[in-house]
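The annotation substrate binding site is assigned in TrEMBL to A:Asp10, A:Ser11, A:Tyr42, A:Gly43, A:Asn74, A:Thr75, A:Thr185, A:His186. What TrEMBL lists as active site, proton donor/acceptor is A:Cys73, A:Cys184.
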2 protein chains.
Amino acid sequence: MNDRPIGVFDSGLGGLTVLKEIMKILPNENIVYFGDTARVPYGARSKETIIKYTFQAINFLMSKNVKAIVIACNTATARSLKEANEKYDIPIIGVIEAGARTAAYSTKNKIVGVIGTEGTIRSKAYNVEIGKIDKEIKIIDKACPLFVPIVEEGWSNTEIASLTAQKYLGELIEQGIDSLVLGCTHYPLLKRTVGEIVGENIKLVNPAKETAKDLKKILENKELIRLDDSIKPSYEYYVSDIPEKFASIGEEFLKKEIQDIKNVEIQKY
Amino acid sequence: MNDRPIGVFDSGLGGLTVLKEIMKILPNENIVYFGDTARVPYGARSKETIIKYTFQAINFLMSKNVKAIVIACNTATARSLKEANEKYDIPIIGVIEAGARTAAYSTKNKIVGVIGTEGTIRSKAYNVEIGKIDKEIKIIDKACPLFVPIVEEGWSNTEIASLTAQKYLGELIEQGIDSLVLGCTHYPLLKRTVGEIVGENIKLVNPAKETAKDLKKILENKELIRLDDSIKPSYEYYVSDIPEKFASIGEEFLKKEIQDIKNVEIQKY
């Protein structure tokens, strides 16, 4: 039973930063990753469509006999996590709650910054989750549409990234945030650049890391941790379309070699 | 008859740069613009889907009694222009042919650069059109994914734009291009920055301008030009979803005030 893999799902390759944190904190677990690269980005799609895509991803992962699923995509979490938990019995968690909770507990002056894609920022998903914990927290949010292509070009530590971060974050710093949620799965790659701009007094919250910690706790509580470490864990990668860059960019995200990426016809699930 | 408007269609607001050139060269024409903002970007969608969307846009524009249509979108042109011309009787032109032709006739050393979104570059649409005119022309193409968000942020004339242009275009300059096709409807806004990087010896080809010239010729040949200039021309703007920024960014594209943007339920057409 405990040998069953963990399923990780994202609309593309951003979720690999979440996978990286899971591998780090749960180094003994088998994992199946699915990236819906044929239909990325989800941002502009309707709630109904995103629910359909999420259910297809979950059905596929369940066909691999997973014991728990992480929706490692902000858009899919915001639009479909609740519906997924109503429909399926296994534990399914998203990336928003853990990040929001960490920000809510780490802020001292109750001014929190949230950055993400235009879709995530427009959805106000982090604002809602943080508000559930503490209504008095003021949230300064900002869409940063250049950050994803900067990361995907491999330019995270260039002057372009630094100037862009200055432009996006100047306003948030001026308004006195003491915590900043990196609300997009691509952004952990910009941690160094963003950290240099905001300085040491602003705490960076990486929802990928917090989500991995939550997952570990859930597996422990449900006694689903893989205990037998005599056989090395296996990592499987599936995508709905193989973009040329998936392996090369993906390895940058994961800091690990990605072997044997398989194609899946996701619309059949 | 000649009072009938020209229809201009794009997946979003990029086509406004084409509209601008049409207004300049045909200042007397009534125009209806449709931006499919609910379903932008088309880049990742299948050929079948794009054909369906294009036909819906054409059906909508024909309900406005247009006399000719410009598909002011590189993706839609590459994927559906042929099919649109097979199906409909009115003149329908795209943005690729005129730009490709201009580049093919302007290059002296037969080395042409083409820049665009990842979708346009992957489609090789400009390569095919240029190859039809002169097979000996060598094409150096390059996807520039940061350019669209830079333009949409209003950062076209910043250091970020300049550094990004240097990174993207350095390779093309080294390979000796003497003409550069701005193969994305957003890129005319980067003309100054790109011009500074490539220098005076590389001719910038703006397909929007060339397409407007082609349209004028077609209307003249078919005797469809609006001659009565006693009444000022009317400009109507329709979108399938009103994004907050459409008017503000759109005015930057069009260099003109955009009034009275109307919503259309495009899936009904």
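Cβ coordinates are placed from backbone N, Cα and C, and glycine is handled just like the others.
Automatic, uncurated: that is what TrEMBL annotation is.
Overlay of TrEMBL annotations on the structure.
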| residue | record | DSSP (3 states) |
| --- | --- | --- |
| A:Asp10 | substrate binding site | strand |
| A:Tyr42 | substrate binding site | coil |
| A:Cys73 | active site, proton donor/acceptor | coil |
| A:Cys184 | active site, proton donor/acceptor | coil |
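Of the recorded residues, A:Gly43 (substrate binding site) and A:Cys184 (active site, proton donor/acceptor) place their C-alpha atoms 12 Å from one another. Reported as a whole number, the C-alpha separation between A:Cys73 (active site, proton donor/acceptor) and A:Cys184 (active site, proton donor/acceptor) equals 8 Å.
The maximal spread of the substrate binding site, taken as the longest Cα to Cα distance among A:Asp10, A:Ser11, A:Tyr42, A:Gly43, A:Asn74, A:Thr75, A:Thr185, A:His186, is 14 Å. Residues A:Gly12, A:Gly14, A:Gly15, A:Val40, A:Pro41, A:Cys73, A:Ala76, A:Thr117, A:Gly119, A:Thr120, A:Cys184 surround the recorded substrate site, their Cβ atoms falling within 8 Å of the Cβ centroid of A:Asp10, A:Ser11, A:Tyr42, A:Gly43, A:Asn74, A:Thr75, A:Thr185, A:His186, which are themselves excluded. Cα of A:Asn74 (substrate binding site) to Cα of A:Cys184 (active site, proton donor/acceptor): a span of 6 Å.
On a Cα basis, A:Thr75 (substrate binding site) lies 9 Å away from A:Cys184 (active site, proton donor/acceptor). Within the same chain, residues at least 6 positions away in sequence whose Cβ sits under 8 Å from that of A:Thr185 (substrate binding site) are A:Asp10, A:Gly14, A:Gly15, A:Leu16, A:Thr17, A:Val18, A:Ala72, A:Cys73, A:Asn74, A:Val95, A:Ala208.
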